Each structure stands twice: as structure tokens, then as C-alpha cells.
Amino acid sequence: MEDIFSLFERPKDPLSFNAIRLSLVSPEKIRERSFGEVKKPETINYRTFKPERDGLFCAKIFGPTKDYECNCGKYKRMKHRGIVCEKCGVEVIPSKVRRERLGHIDLACPVAHIWFLKSLPSRIATLLDMTLKEVERVLYFEAYLVLDAGDTPLFRGQLLTEDKYAETMEEYAGQFVATMGAEAIRDFLLSIDIEELSTVLRKEMSEAASEAKRKKVAKRLKVVEAFKFSGNRPEWLILETIPVLPPELRPLVPLDGGRFATSDLNDLYRRVINRNNRLKRLMELRAPEVIIRNEKRMLQEAVDALFDNGRRGRAITGPNKRPLKSLSDMLKGKGGRFRQNLLGKRVDYSGRSVIVVGPELKLHQCGLPKKMALELFKPFIYNKLEERGFCTTIKSAKKMVEKEKSEVWDVLEEVIKEHPVMLNRAPTLHRLGIQAFEPVLIEGKAIQLHPLVCTAFNADFDGDQMAVHLPLSIESQIETRVLMMSTNNILSPAHGKPIIVPSQDMILGLYYMTRERAFARGEGKILSSRDELRMAYDAGEIDLQAKIKVRMSPALGEPETLVETTTGRVLLRDVVPEVIPFDYINVVMAKKHVANLIDVCFRLAGNKETVLLADKLKDTGYRFSTMAGISICLDDMVIPESKDVLMKAAVEEVTEIQKQYTEGLITDGERYNKVIDIWAKCTEDIAQTMLDTLSKDEIVSPEGEAVKVPSFNSIHMMADSGARGSAQQIRQLAGMRGLMAKPSGEIIETPITANFREGLTVLQYFISTHGARKGLADTALKTANSGYLTRRLVDVAQDAIITEQDCDSLDGIVMTALTEGGEVIERLGDRILGRTALEDVLDPVTGEVLVEANQQIDETLVEKIENAGIEKVKIRSVLTCQSQRGICATCYGRDLARGHLVNLGEAVGVIAAQSIGEPGTQLTMRTFHIGGTASRRAEQTSLEARFDGFVKYLNLNSVLDAEGFHVVMNRNAEIAVVDETGRERERYGVVYGARLRINPDAPVQAGSLLAEWDPYTMPILTEIAGTVRFGDILEGVSMEEQVDEVTGLSRKVVIESKGADKRPRITLKDSEGKTAKLPNGAPARYMLPVGAIIVASEDETVSGGAILAKIPRETTKTKDITGGLPRVAELFEARKPKEYAIISEIDGVVSFGKDSKGKRKVHVTPEVGSPKEYLIPKGKHISVHEGDHIKAGEALMDGSSNPHDILRVLGEKELAKYLVDEVQEVYRLQGVKINDKHIEVIVRQMLRRVRIKEPGNTRFLADDQVERWEFECENRKVVGEGGAPAVGEPLMLGITKASLSTESFISAASFQETTKVLTQAAIEGKIDYLRGLKENVIMGRLIPAGTGISKYRSAHLLIEEPEEIEEPVPEDLEDETAGADSAQAASEESVAEGKD
């Protein structure tokens, strides 16, 4: 028996490898690995279909076409294994070797490898210190290359044209060597001594006079060093032999009708072989040089096309005019090897079908159609049928299953028991797009899905399809159950709040049952217990919504008291675990309350209870929403009576504004802005009154008087409960549709005054179509953009894995509450929840330690911190984590989806990327629901106090204007309101030019006006009184009178002047006609930027605080994540904004210098040290004033910040803070929650590298970009040897750049620019240590995350032997249980890890 098995080849063990190296291959190596030379272009014989000898499919070279059978048929079958047939020369072995045996073609003349020639920067050209053009001229036989100049005036490496060569030849025949073509280049490369060249170049670099020269040398040195370290030889860049791909990988398949389908590679190889053979023949015939040269050029082109078709010249096309797919094209792009076959594979044991709702399922179940289950579980069924003795062979089992006998169904029931399946809905934007369920067999052909998981899948039942996958091995089943079961994914990994929350009908039902109805039956009754209440309700004595009192315990362990509540809420109490206080249920349950209830349940009662609660809430919700019988009818849309009044008022206001404009008091831009504001406000007011009308009903009480009570209007209940619809949409149904946007994004100033109930006129309908169509078009575009952003994020963060428990970092970041305009947007507690404290957090009053250093901040600690009134907390952060590779658990903090400290091996980078990318797509798909109505907040024009107290001015300079108000004269001024004890209650920034309504230290009441300003223009104010004189304000040169077409009035606008010397300005003269002095001694001159509208007129006398000119701000466009998505991409790509503000690098005092070349000079003078000078382009408004004290990092002009400047001036933490805040701003605008730490992970990946400024004694070169840990390692090594360390500066790379410059070339090549990455890797002889996730997936290994982390891979189990030996276990069972044990142990270990 043993002997039989020896005949069959055992499958070779997949080679265990832990790194992969890419390098150039020498011609000898190619020949050594080849199994023979391909000499003929023939493929197969068209009659016999057998491969031609020495052709592209030759059986002698590549192996037999049929298993164990030679080509001529002399030897057949296994018994002749390993014999080489003497007749046809074919070895008798399995035919699968045709997938792995290489052939080769010996070229008659060398050719250059196109990758190293044309992939920029050209490596061959760099190495030879020539330009690419020059190298190409030599290669394509247009010029001679001097290899040895001898005693001639030529020099080595010079190019000679034909004529010049002939001339020189006449004069110095035989004294010099010059050739052309790839031979010339190869000989030149052969003569290079890499070691020597490296030394020479390093010397040249240190002596380089100019920066340009140094850069050029450095570029060349980089390539030389790569050769030096990798052991590659430069002449290998020129090919003398080319390998031929195994034939099975470039198949030739007969189609019916005698035609063949073939891989393009065969055509390309055939071309090479034909030209090569022709060249050989011509050389034998001693053909004229011209013909041979032409043939060599053609051979070069053929080889180029084989490696990378279309890279040089026109692409070679096939018979159907389509470019042939070369070897490079096989790797590149979405359809290439990397992305199509290695990163995304199709798998067996899977099926897909339409989904329908399964409301009676439990949360961990899904309904699987019997037909699908039968097909998916086939092998398991065969196994069980045999085990049960229903049949004896697999074949008979197969028959039984095909006939669908009754036993088969019984077995199927048993097989699927507790065998989880995975459901997936495309697009899978985050990890909750694939979850595991236990299947329940159902009739029909559609998969049933539990309604509560729809949010996570973003699924609905309008025809969506889902795929089912079956985990086979016991380990995969355990992982599926422990990690992916829907019941283990209650919290969202993006923000840590529950994602399994009832929605729509369920919410409506819960809302309906917890509402109060005035004067309902049984109101005011007092019941002795919950049981009595239930009896009374069942008997119909009390209504569901009656207000009653019940004696019950308000929370676990508290004594019973009378609680005022309603019937429905007490019924709901029975559903909710007793641990949860009744206060959480004793409210009207809208969507946010239900979400909060599930969150609290998870924290107090644990996972299992939460799952049960979710299911109970689902059932209760459906039951009561059915009983409520809520529907929609036309009369539910109540149009408020005051609509006409409000509309009239708005029309009057608009007419008034129009009149002001006609009289020339305001500009057209201001008029437009004000009109838009009036209508926006009018729409808001109508919406408000409509909502008030909807939310209150007037009913007659038993006493006979009319009372207003909360309404049971269906539409109002749907929106109020958060089940469906929003105030926005109701506004359009019953209020007014409001302002619409044009496709360009501007707002049309005539609003749609009608609503849908009244119906739209033709014009109104036409205006509406813009928005609706734009919504749909945007959606299509943005989905693609968002997907691409996610892909780049995943790629940059894929190797951010939790690798150690604690890196012992002593650094962290300071967290404060996030405020905007004095309003707290995000509380400090929300921002530090689940993070680790860096140092002890002390109570500011008692000094008691609230949180110890390195302790995780959970909900209870957050409460303590907030109650103590602490303003800022230092926490550990991913940004300051000191782990060399990956991130440590302590710096990362809580795993948001599990609610405890993150486990080792968690792939936090991918989770971060998904959390940021997923809402991007969500949001982009959500624009059109409101139907394109322009949502635009009326601009803030004033500040009101929120608390009573006293006003304090902080850092505020002001002057009194003609009306006696203080006018703010500086930027970053602030007003604070403090209470009697002097504690600050609120603080607001006030803009330059704001008029303050309250004097310092004056008392204010909440709601009183503090300051007001014009939001649409930025004023240029005078600080002192004086007479206005214009300077360089010449009509038609630097200023033009723009006549308004409508009003006929003109205004003076500053324009860009042609001459560089014109500087439009306003000067103030004193009574003696001299230039007045400002309080700080500077002359009173005000420069006017381009676009400013001059308000003052020449020789006018003005008082302090008067407006001299106004700079109009952009008219507002609607905010929408379109602005958002590109903004997020721009931030993560670290792009410089188009018009970025120049920022000061030091603290100091501002002064202005002389102008130069149309730029203005701003000097910043520090208290100690030398002043810095900045040049600001003319026509830009400078936002600082002479004598201002400014801090490092403050902008000197208008514009957005350039992140690279922030990094340079303020350092990494400030940069990270800026990026996190800016990204969050975009998402917050859309109401999307993302935890800061996800953005921090991405920012950490962007800041991984350092740019070398001074190389010291290290192996780095100046301007090299190296990984930070590599930089630190090398420095430690050099300092240890007593050398000088390198000096570097932190570098921020955008996510695309960062992905391409990762250590792993496999990961980079599969991302973008495949050829470029592989070219570079080959020259450097790069080694990929397979540390990230992507490279391991591509190489077909387990990923080094989760249970695949090395710590678990190398773990061994010690099983204690029991004392007495019981009955022996049958062998096969033993294996299975052992496997289960080890997997179970591994998963338990990972769970245990998290707990301690």
C-alpha cells in the first residue's frame, strides 16, 4: 500500500519564507534557470495541435502537454516516469511543469531594458551622467559614443554625429574607439568601477559650490550607492538574453470553429524571435551596416514592447487595432495581477441572493434559503450521510443530495447547527460590512436579514443583494464566531457608540408607547405595583398613554416609591434590564434616547444583556408601531396661518434693501447678501412657526375649556421621534421650500415661496430641478472620489498595528474642550474618554488625584474630571508613541468597538482608514435627499452674552468712534464674561472693526448685545482723526470707478496696477497738513489691497474709528461635503493651499520696510535675536498693523494655513492638532462622529519620515528622506562609535507619497506607479520583510495582525496530562478536538489580553 503512494508526488510544502528580495538578474543566471532556448516563433501545429519543436510552446523545453506522456506517444503512463524520450526529447512528467519552466532567447545583439531606460528618472542615463535624450540617440543608432578617446581631442562619453565621426575617423583613424547602439552603452557601463565612483562623487558633493550642482551629484550618488549596496552590476541593465514565460501562463486556447484565442504575450515574443532570427541571418550574410542597424533598432523596439508596450513611441497593436498587453500591463492598475488576483480573489463556498427583512430572527441569526444551504454545505452533508450510514460512498451521497431525499434535509439541519456563515454587502466600506450569523433554514430563495444590522451594512430591502461565505476550518469558525458575530459588534469602531440601534418603525413604536396623552382614560390613577398596572392595562381600564403613578423602585437596590409615569413606560420597563435606572426610560423615547439606552445598557449590564435588550426593543417597537396605526394624509401638513404675514414682511424688507441699493448706499454684493439673509431668516421663521403649529394641538378638556397639548400629528411624530424625515423636509411640505442653489453653487435670490402641499408653479419647479439634478450627478462623482480616498488611507495606514503593551513614552498631547465662537462644540470628557492619562490629574480645588498617570480614563473618571471643572488634561497619544514599528496599546487607549483596552495585534491603521473613509462615501450619497434646497445659516453679525456677569476686555485695543462706541482695532481681541467670583463663564473672539456695545467692567444680563459687525466686508479703519489724502490712487491705473448698471451710481474700487511702483494708500494729515502720527509713532498710512472699495473721499475730515475702505468678502456658497471631501483629501495629501498665508516664524513686533519688486516687506523683530523679513505680494491685505505684538505661527496676511509651515514653525503636535481639528470640522458639519484617534493614526503615518539636513558620519546623504526609527537607529550606532550623528527635520508626506515610500516595495507596487516602484526596488536589491498586512496578503501568508501576530503564531500549548487514563479516544476525533482547543485557547488568550 505504501508503495502506491510513493508513485504520486506529494504536494511540496509551501516554502516557509519571511522576506522577499528583488534584484537584477545576470545573463548567466537567466540561462542557468532556463530549460532551453526558444529558437522559432512557431506555436503549435495547426493540424495535429501539438507544439512545434523549439517553438514558443515546445514540449522539449517546457514539458509535456499531457500528464506522463511524451510528444510522439512512445512513452505513456506512470511507469515511464522521469524518462526522456530519445525520439522527441520530451521528459515524461506531469504537465503542470509547463506552468513553472522558463525558456530563454539569446539575442543577437544587446538591448536596453526599457524600465531602466524610460522609467523616470532614467537609471541608465543617471549612472552614465548623460541625459536621457543622449542615451536614446546612442541606443537608436543616431549618434556614436566615445568609449576610449586615446590621444585625440575627444573625451570619454562624448557623442559624435555621423558626419563628425567620419571627419574624426579620417584624421585619427585607429586612435580612438566610438560605437553606437546598446553595445556601446553596455561597454560604457562595464567600465564603471562603482566603489571608486562612489568615493569620487561623495568628494564632489562636499566640494559642490552651488545647490543645483549638489542636488545633481546627490541624485547620481543615490543610484551608485544602490548598486554598491545591492551587489547588482550596472551592465545587467542591458539585456543579452531574455527569459521566456512558461507557456501555461500565456496560454493558446482553441476556440470552436478552428480559431485560437491567445495571450498577447505570444504575439510580442513572436515578434522578438522573428526579428532576432532575421538579425542573426543578416549578420551571417555580412549585410550592409545600414540594414543591420535598422534591424537592431527594430529588435530593441520589439523587446521594449514585450516589457512595456507603449512606453516608447506608438504601442504595437494586434489585428483588432487594440494595443497588446505587455508584461508591465499585466501587473499595473485595477485589472493587473496585484489588485485583481492577489489582493482581491473570488472564493468558493459562497453564494449571493436578494435580501428580505426577517423581523422574527434573533440578532445572531440570518435566514438562509434551503437551496443555498444545500449547495454551500455539500461536503459536510456527504460526510454526515456516510457517518450516519445512509450511504456508503461519496457517489451515492451525491445522488441522495441531488434527489433531495428527506434524510438529506435532516442531516442539513444538523450540519448547519452552530456553524456560522458570513454575510457581506458590497460596497464593504468598513469592517461591519461583513458580519457573521448563525443560519436558520427558510423556504424561498431570498436571504433574510435581521433589521437591526441594516445600519451597519447600509442595507435596505429595495432589491439589495448580499453574498454568503462559509468558513470551513474549525479555527476560522471560531474566529468568525468570536470576532465577527453580529452580537459581538454592537459598538461602532469609528466612534464607540452603539451601531445596533432600532430605527424607523421600531423607533416610532417606542416613541408612541412612551408619549403622554392628555385626559386619557385612567389618568391620575395610582397603582400599587407593575403587576397591577399590567392587569389594569389588559383589562382596558387605563390607556397606553395615560399619566399615572406606580409604586416601584426607581433603580436597582433603591426602596420603592411612587413614580409619576405613563402606562407605556412601565410596560417598557419590563423589557429593559433592572440594572438600568428608570430615569432612562421615563421620557419620551426618541431615537437619541433609544441609542443612549443601548449605550448605557452595554456599560452597565454587559454585552449579552444588550443583545437581548436590542431584540426585545425590536419586537416591542414593531408591536406598538402596528398598534399605533400611524399614517400620512394631506391634512397632516398644516400650513401656519402666519405664513403670509411673514412673507409680506420679508418682501417689504427686500424692497427696502433694493431702495438703499438704488440710492447707492450699499454695493450690489452687499445687497445680494442681505437679500439672501432676509429670505433665509424668513424661511427659518416660517419653518419654526409651522413646527410649533404641528407640535401643539388644541383640545377641549373635560371641564370644557380649550387647552394646548403636545400633538399626535403623524408627520410631526415621525420627525420628532427621529424615525423618518427631518425638520428640513417638513419645512418643504408645509412651510416654504426656501432658497435654491444654481448648479454653480450660488444661491438664487428669489426663493420658492410655495410648499409641496400648495404645489409649485412652472418656474418654481424649473428652479428646483437644478438642485435635484446636481444632487444625483454629485453622488455619482463623489462615490468614486470617496472610494479612492479610502483606498489611499488604507494603504498608508495598513502597517499600523498594535505591537506592544506600553512603549513607556513620557510625551503626550494636551486635550481641551473644543470651542467655537464661545460655544462648546465638543466637551473635554468626550475627547478624552477611552484614552490614557499621561500624568496624574489633580482636582484644582482639593488637590486630590482623580486619575493616576497611565490609567485609562473611563466614563466614571470622565464624570469626576468634568465635575471638578478641569479645563485641560494631558493624555498619551498615538502621535507621541515611541514604538519603533506599530503602536503601543497604552498610547492608543480603548478599542472603541469592544469598550476595553485595545488587544495586541489589532490592525488599528485599517480601522482608522475605514472610519474616516466610510462616512465620506455615506455623505456623498446623501446630498440629494433634501432635494437641493440651499441650506445656509444666516451669517453671525453680533454677539450676545449667554450668562449674567461682568464684561472684561482681553488683549483688546479700541478707539471711540463718532457715536461714542468702542471700535476694535486689533486682531485676536477677546471679550469675556466673568461672574462675581471672577471665574470666567464665557469668552468670545471679536473681529477687527466690531463695535462694542458695552464698556469694560460693566454688568451684563444674559441675552444682551455685546458687539456687532458687518459679516460681508472687512473694514480698514482709522485710529485717529484727520484729513483724508489719497496716494497713488489714479483713475484707470490703480483705481477704477465702477458704475453700477442698476443704480447709475459709481464707487471707487482698487484694481491691480500695471506698474510695480504704484502703491494705492490713504494718508491722514493733521491740522498743519503734515502726515499724522499713530499712537505708536508710525505715520498714519493705510495701504489698500486689490478689490477694496474706497469709502472715504479726498479731503474729508474723519474721526477715530471711521471706515476708510471696505474689502468685500466672498459671497457665500452653500456648504455641502463637496467642499468637504476635497478638503479632507487636501489635508491628508498635505497639499499647499492655493493662496496660503505667510506666517511669522518668531514672536516679535511688526514693522514695515521699503517695498521691493512689487512686494511689501514686513519685519518681525524679537526681543532678543535677529529680526526676520517677509515679502508679501502686493494687493494682498496684510492683517497685522505696525507695532503689533505677534506670536510665532500667526498669519501676517489673509489666506489659509499651509500645513508644512505649521510643522516647521510650531512643530508636530501643533500640526497634528491643526489637521485633526480641520478634518473633524468637515465631518462635524455633516453630523458625522469620528474619534480623534483615528485621524491621529493617519497623521502619525504621514509624519513617519525625516529629511536629513546634515548627514554627519552616517550613511545617509543630505536631503535623503528616511524612516524615523531608521534615522534614530543609525544615529545611536554612529554616536556609539564616536562619530557625529545626522541632523534631520520632521517631514510631512501626503498619504499617496507616504504609501509609495513605505519600506515594503510589494505594498507600494500594488498601490500606484507599479513600474517605478519595482524598478527602484530591483536596483537597490530591496528586501521586503513582509511586516505590513498588504504584502502578506499578496504573498499568500497569514497577516501579522489579530491571531496571526507572531506572538500567537509561535505559541505552544502545554496540556496537563490527567491522572487516570480513561477510555481511548478514536484517533480522528482527537485531531479535531485538539485543533479546536488550540484555536479556542488562542481566541481566549486574545480576549484575556484585553481584560487585564
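Backbone N, Cα and C atoms are what each Cβ position is placed from, and that goes for glycine too.
According to its DSSP assignment, Cys72 (Zn(2+) 1 binding site) is coil. Other C-beta atoms found within 10 angstroms of the C-beta of Cys72 (Zn(2+) 1 binding site) number 13, with every protein chain shown included. For Cys70, Cys72, Cys85, Cys88, the entry in Swiss-Prot reads Zn(2+) 1 binding site.
When secondary structure is read from DSSP and collapsed to three states, Asp462 (Mg(2+) binding site) falls in the coil class. Marked as Mg(2+) binding site by Swiss-Prot: Asp460, Asp462, Asp464.
According to its DSSP assignment, Cys891 (Zn(2+) 2 binding site) is helical. Marked as Zn(2+) 2 binding site by Swiss-Prot on the basis of sequence analysis: Cys807, Cys881, Cys888, Cys891.
What Swiss-Prot records for 1361-1378 is compositional bias 'Acidic residues'.
As annotated by Swiss-Prot, compositional bias 'Low complexity' applies to 1379-1389.
If you look up Swiss-Prot, you'll see 1361-1396 marked as region 'Disordered'.
Note on proximity: among Cys70, Cys85, Cys88, Cys888, the binding-site residues of the record, the Cα nearest Asp464 (Mg(2+) binding site) is that of Cys888.
Each residue contributes its Cα atom, and for Cys881 (Zn(2+) 2 binding site) and Cys70 (Zn(2+) 1 binding site) those atoms are 63 Å apart. Put simply, of the binding-site residues Cys70, Cys72, Cys88, Cys807, Cys891, the one whose Cα is nearest the Cα of Asp462 (Mg(2+) binding site) is Cys891. In space, Asp460 is the closest of the binding-site residues Asp460, Cys807, Cys888, Cys891 to Cys72 (Zn(2+) 1 binding site), judged by Cα positions. Taking the binding-site residues Cys88, Cys881, Cys891 in turn and counting surrounding C-beta atoms within 10 angstroms, the largest count is reached at Cys891.
Close to the recorded Zn(2+) 2 site, the chain also has Glu804, Asp806, Ser809, Arg876, Val878, Thr880, Gln882, Ser883, Ile887, Ala889, Thr890, Tyr892: residues not among Cys807, Cys881, Cys888, Cys891 whose Cβ is within 8 Å of the site's Cβ mean position. Shown are the binding-site residues Cys70, Cys85, Cys807, Cys888; the one with the most C-beta atoms within 10 angstroms of its own C-beta is Cys70. Here Cys888 (Zn(2+) 2 binding site) is compared against the binding-site residues Cys70, Cys88, Asp460, and the shortest C-alpha distance is to Asp460. Neighbour density for Asp462 (Mg(2+) binding site): within 10 A of its CB lie 5 other CB atoms from the protein chains shown. What surrounds the Mg(2+) site, by Cβ distance within 8 Å of the Cβ centroid and not counting Asp460, Asp462, Asp464, is the set Ile355, Ala459, Phe461, Gly463 from the same chain. Take the Cα of Cys88 (Zn(2+) 1 binding site) and measure to each of the binding-site residues Asp460, Cys807, Cys891: the nearest one is Asp460. In the shown protein chains, 16 other C-beta atoms lie within 10 A of the C-beta of Asp464 (Mg(2+) binding site). The Zn(2+) 1 site is defined by Cys70, Cys72, Cys85, Cys88, and by the 8 Å test on Cβ atoms against their centroid, the other residues of the chain that qualify are Ala59, Asn71, Gly73, Lys74, Tyr75, Lys87, Gly89, Val90. If you take the C-beta of Asp460 (Mg(2+) binding site) and look for same-chain residues 6 or more apart in sequence within under 8 angstroms, you find Cys454.
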